[in-house]
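Below is one structure, written out as structure tokens; comments come after it.
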Amino acid sequence: MKIGIYGQFYHANAAQYIGQLLELLDQRNIEVLIEEDFLKLIHSNNKIEKDYKHFSAFEELDNSFDLFFCIGGDGTILKSINYIRNLDIPIVGINTGRLGFLATIQKEQIESTLEELLEKKFSLSPRSVLTMQTNPRSYDPVFSHIALNEIAVSRKNTTSMITVDTWLDDQYLTSYWADGLIISTPTGSTGYSLSCGGPVITPDADSLVITPIAPHNLNARPLVIKDHTTIKLKVSGRGKEHLVSMDSRIATLQNDTEIIIKKAPYTINFVELQGDSFLNTLRKKLLWGEDKRN
């Protein structure tokens with residue numbers, strides 16, 4: 001068996017759990033590769049002397065991996081998908097952060113669930129992801145990535161609104177007068193889009209949602225569309241530039257640049273343990289439908 005491990009930060013409260021995970025994997029003679037920068041953090045903060053194999057880019061991985069552990073919060077998981085892309089490696093999120101909505105398990109559950117994971121007693125939850133291109137082409141490395149949650153455009157260096165002209169499959173939809181616009185996947189519907197009044201969409205829905213950010217229009221409401229729709233955006237405003245984000249990655253574009261957003265031709269597989277489900281997570285972590293009468 002072969003496992004990849006990725007993390008962004010090394011928190012003192014997670015040290016024992018990282019050590020525990022590595023020890024349990026070593027006891028089972030499992031081949032482990034750790035992302036290079038995270039391995040350096042482990043060596044400098046933990047009394048782990050073993051020199052693990054490492055990786056630093058998508059090109060160094062392949063589909064021979066059985067599992068990919070992400071240690072951290074939701075932000076860590078969002079960044080990890082760009083190491084996996086179309087390799088179909090199942091992701092196991094180990095939450096060492098706060099809410100950890102996307103995580104498979106909490107850090108305290110490592111020992112109790114590891115055998116279940118290694119024996120593959122789980123199902124997979126495929127998640128759609130987004131790609132983006134620009135015209136004229138931007139060579140910012142941000143645009144070579146994929147987004148699991150959302151792609152958003154927003155104003156930059158101004159308190160004035162921007163205007164976001166929007167087309168769906170080359171058919172004009174409308175021009176949003178707002179602070180920005182979010183194009184969200186079902187996975188991202190519980191994130192930024194939700195904060196801006198968007199609906200919750202189950203991960204298996206073949207949909208995307210377009211959610212305006214603080215629109216100055218009583219008729220501008222979130223819109224659910226088919227996920228095979230090609231979305232084209234063009235921003236204008238008092239400033240010359242605007243921001244574009246792909247999950248946690250941000251870049252600057254000149255106004256009037258065409259932004260083309262599509263669903264990627266592959267999905268990212270999240271591990272779902274027996275007894276777990278999106279609806280259970282929705283109730284437990286976001287307190288969905290919380291009512292003292294229930």
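Placed from the backbone N, Cα and C atoms, the Cβ positions cover glycine too.
Per Swiss-Prot, the features are as follows:
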- ASP74: active site, proton acceptor (ACT_SITE)
- ASP74, GLY75, LYS79, ASN149, GLU150, ASP179, THR190, GLY191, TYR192, SER193, LEU194, SER195, ALA214: NAD(+) binding site (BINDING)
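The structure, with features from Swiss-Prot marked on it.
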residue: ASP74; record: active site, proton acceptor; contacts (Cβ under 8 Å, 6+ apart): GLY93, GLY97, LEU99, GLY100, PHE101, LEU102, ALA103, GLY191
residue: LYS79; record: NAD(+) binding site; contacts (Cβ under 8 Å, 6+ apart): TYR6, GLN8, ASP247, SER248
residue: GLU150; record: NAD(+) binding site; contacts (Cβ under 8 Å, 6+ apart): LEU130, ILE182, ILE183, SER184, THR185, GLY188, GLY191, TYR192, SER193, SER245, ASP247
residue: THR190; record: NAD(+) binding site; contacts (Cβ under 8 Å, 6+ apart): PHE101, VAL200, LEU282, LEU286
residue: LEU194; record: NAD(+) binding site; contacts (Cβ under 8 Å, 6+ apart): VAL200
residue: ALA214; record: NAD(+) binding site; contacts (Cβ under 8 Å, 6+ apart): ALA178, ASP179, GLY180, CYS196
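Of all the Cβ atoms in the protein chains shown, 19 others lie within 10 Å of the Cβ of TYR192 (NAD(+) binding site). Secondary structure at GLU150 (NAD(+) binding site), taken from DSSP and collapsed to helix, strand or coil, is strand. ALA214 (NAD(+) binding site) falls outside any helix or strand according to DSSP and counts as coil.
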